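Notes follow once the structure below has been shown.
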């Protein structure tokens, strides 16, 4: 195969890469060697060939990383897919199918049974990570039987005398005659993994369980469309990806940790930005590997760098809309429900000079209305176009800290570059310079700071779906001074991709740092919103998470906490503070490592430090119980009759106090 790849070269690679599921599987496997962000991208053609072939054929061929793709795969071993140096007949079949959902229903080579029946999943409902209906050490060539194939007891009313009713509730589903149950088909195996679970009744030709949100099966977080719940497979056509029930685990592994979706117009610019983010976030790639896009690049170029998903959106609101719809569904299926959306790009300034970074508060149309109009089935639907105030202010704070020129204001979003923006240098112009200047002054009087072609639709989409959103645009000229972009092509390219002049350097740095600032806010590195993730967190300064308080350089402690998934776990608490022999818990006032988010730590009088802890707290071990007051010599009871306890006065033994149990429960 390696020789064939070398012979065919790039063309063969492209033929194999056109499949969205193949590209998704390849990217999933590529991410494994680089925890915690798990992304590695291949540059050398020979390595591409080797890894790509592995991504297709290895799931069934006994390699340890891929055994989970087949029921009982860990028991069958390499012999299932390989025979000597070649493939077995099943190996060839798997290569054609590419997934268990497809292969399960195929006939196992040399038998009359399905692959599912031979390998322990006769109902074809197994998914990676679960237990198959039948645990097998060897393939069962006679086939296992699906519980649905066993004749069910008649549900018709019996005319015989009824038996004594059961005292417990009935567990059988009740269905009206001739109607399917509304419950979804059961896909989970039984608890002990030996008895097949009984699937819910279905009608002939019924579909597989529909896609749904991974964390909220009954509803979506940021998708307002109940129709997609009925889709067996949602094809994200323009991304070159697909989301099916069988691919759900892969989707979650790939995109479930996304916290930020950053997009801009130019593919080249976003590629450069992806590399910048990888460098700033210190996401290392193994030697010989480099960044590569996900899915198809015919329309959009998409990268995933740690928790940041990056893509270009092209020009204009229609192109942005397509990307937003498909990326939002992708993240919904992945369970990435708290991602912040950021558009970054270039624009024409209105009363602000070139190089100013404009943060959009609202997107407005040419009538100065902060609404976005969408034509839906012949009707015009108006949606508010508003950016998230908190996210915008956090970015502004980063700009102020860095001393960068910025402005917060409205953005006029137009449908085209020339007439819609009042330019005088297009192929058609039916207005005068005076008309243009009057319109621009009206814009300035209404708080408009810049003009571009995407912000209004971008903000309206996110506002509709309650997605935190910010729009950051650099101005390349002041429209009040003219329409022509006088900078040379090379200068503009440098403006977009690399620091070519001092102010461009600042701007480019800001665009990178702006995202990093938001990442920092979402993490815990000294930002107010996440100080609650640490015991006594509000006691510590920003320099605890950032070297010298700088925005773009994370401290060793910040990196360690990031690797711990920003969770104050017992393991992280008991680990030494980087560069110190003091444990994290001892430094933060939780030496016993019992603190939970929202509770008061054991010690609140901790001393703040910048780089390393200077003192430590000790875990107070429980001492001996304090003896109660002496009752003195025991006196003999007074003489007299001692009445025996009657039925109404039972003897009750003293019960131990449950305070200790309560304490343990609280600590736990």
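Residue 1 is the first one shown; counting continues down the chain.
Including glycine, each Cβ sits where the backbone N, Cα and C put it.
Bear in mind that TrEMBL entries carry predicted annotations, made automatically and left uncurated.
Per TrEMBL, the listed range annotated as region 'Disordered' is 612-668 (candidates: 555-611, 612-668). TrEMBL lists region 'Disordered' for one of the ranges 1-36, 37-72, namely 1-36. When the alpha carbons of residue 421 (substrate binding site) and residue 344 (phosphate binding site) are compared, the span between them is 19 angstrom. Taken residue by residue with DSSP, residue 421 (substrate binding site) is part of a helix. With respect to their backbone Cα atoms, residue 345 (phosphate binding site) and residue 423 (substrate binding site) stand 20 Å from each other. Each residue contributes its Cα atom, and for residue 343 (phosphate binding site) and residue 423 (substrate binding site) those atoms are 24 Å apart. Separating the Cα atoms of residue 344 (phosphate binding site) and residue 423 (substrate binding site) is a whole-number distance of 23 Å.
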